[in-house]
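Input: a single structure, listed below in structure tokens.
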């Protein structure tokens, strides 16, 4: 997702051997412990039966994965584009930049729309978080975070608060008011604390709970008022880079993607992974649910976007061209679900026909890689953020 890797190394007494060493977080029955590397390795081999090795267990796991894929393949009788052959092709597609939001002094890393379809929050590498009026391009609020690389920001469903975080390993919530000369920093509430950078955050269907994803390989659900950890989600083998909440009002699932090339669907109530997909060849930078909630799309550094059907339990479409060699950094669907917008590291935005798998448009305008992209809640426009320090609103 970015061109640098950030590690938070913690030194202290190991919870197993008590020696002062670099520590790694280990979760045993949802309890977080801090073990040194040697104790982690010893713990991993303690439970092995006679004649078993980690290599043999890995081999067995790969064999089971292969059998699972064979069973999935038996049910995969037709491709999505074949089913869509009789669907009418999309007509001429024209979108232009209608507004350009200028004000960030460095790379724009993340943005989110308010439910009022008008306001936007964005965050950047220089630590600035700005709330914009997308109609007038005016800045309504601005706050400077105590860290650089603010990689995550989100609007609360009520529109009365924003959340953001990055290299400070925290998710901070700021209430929004319309008082003049208000001191937003004084009202900051630190809600979530990870052991590595915060890569994504999203409020659930209320202002009272927030989901976070982190470079420590975990996702977590937090209570905003108390800052209490409600549920943690362990399963990724590397940094988690993105997440998206299921669109249903009563949705209790979300999807995450990361540097282990996996997209994982989680049950927020149990903390368990209920589906996992591993077909990308590189980091997954973005995941987004289809409007119906029955599928989701992903964008990856392997220069492809992919569509996964949750009911079929498999990948059903790949959106790529030989001429596209740069990674996809961000994806989002149109309100109908017929179009998939994808921002790329070659400064372009490609628009894909979801059913037919073909590219229907390519949008130029940004002067550096497109880092974030979101369709407005009413579907009339979408906003993209870039490393060229600007945001653009397209319609």
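Every residue gets a Cβ built from N, Cα and C, even glycine.
Note: TrEMBL annotation is automatic and uncurated.
Residues annotated as coiled coil in TrEMBL: 51-81. Residues or ranges marked as repeat 'WD' by TrEMBL: 101-133, 191-232, 233-276, 277-318, 330-362, 363-395.
Counting same-chain residues at least six beyond the ends of the repeat 'WD' (101-133), those with a Cβ under 8 angstroms from any Cβ of the stretch are 2, 139-155, 157-159, 162, 164, 166, 174, 176, 200, 368, 371-372, 374, 376-378, 380, 383, 385-387, 389-393. Contact between the repeat 'WD' (277-318) and the repeat 'WD' (191-232) does not hold: fewer than three of their C-beta pairs are under 8 Å, each pair 6 or more apart in sequence. When DSSP labels each residue, the repeat 'WD' (330-362) comes out as 0 helix, 19 strand, 14 coil, counted as helix, strand and coil in that order.
Per-residue pLDDT, averaged across the coiled coil (51-81), gives 83. Distant neighbours of the coiled coil (51-81): 44-45, 307, 312-314, 316-317, 355-357; these residues of the same chain sit at least 6 beyond its ends, with a Cβ under 8 Å from one of its Cβ atoms. With a cut-off of 8 Å between Cβ atoms, the residues of this chain six or more beyond the repeat 'WD' (330-362) that come close are 80-81, 83-84, 87, 89-90, 93-95, 285-292, 297-299, 303, 305, 307, 317-319, 321, 324, 368-375, 378-379, 382, 384, 386, 388, 394.
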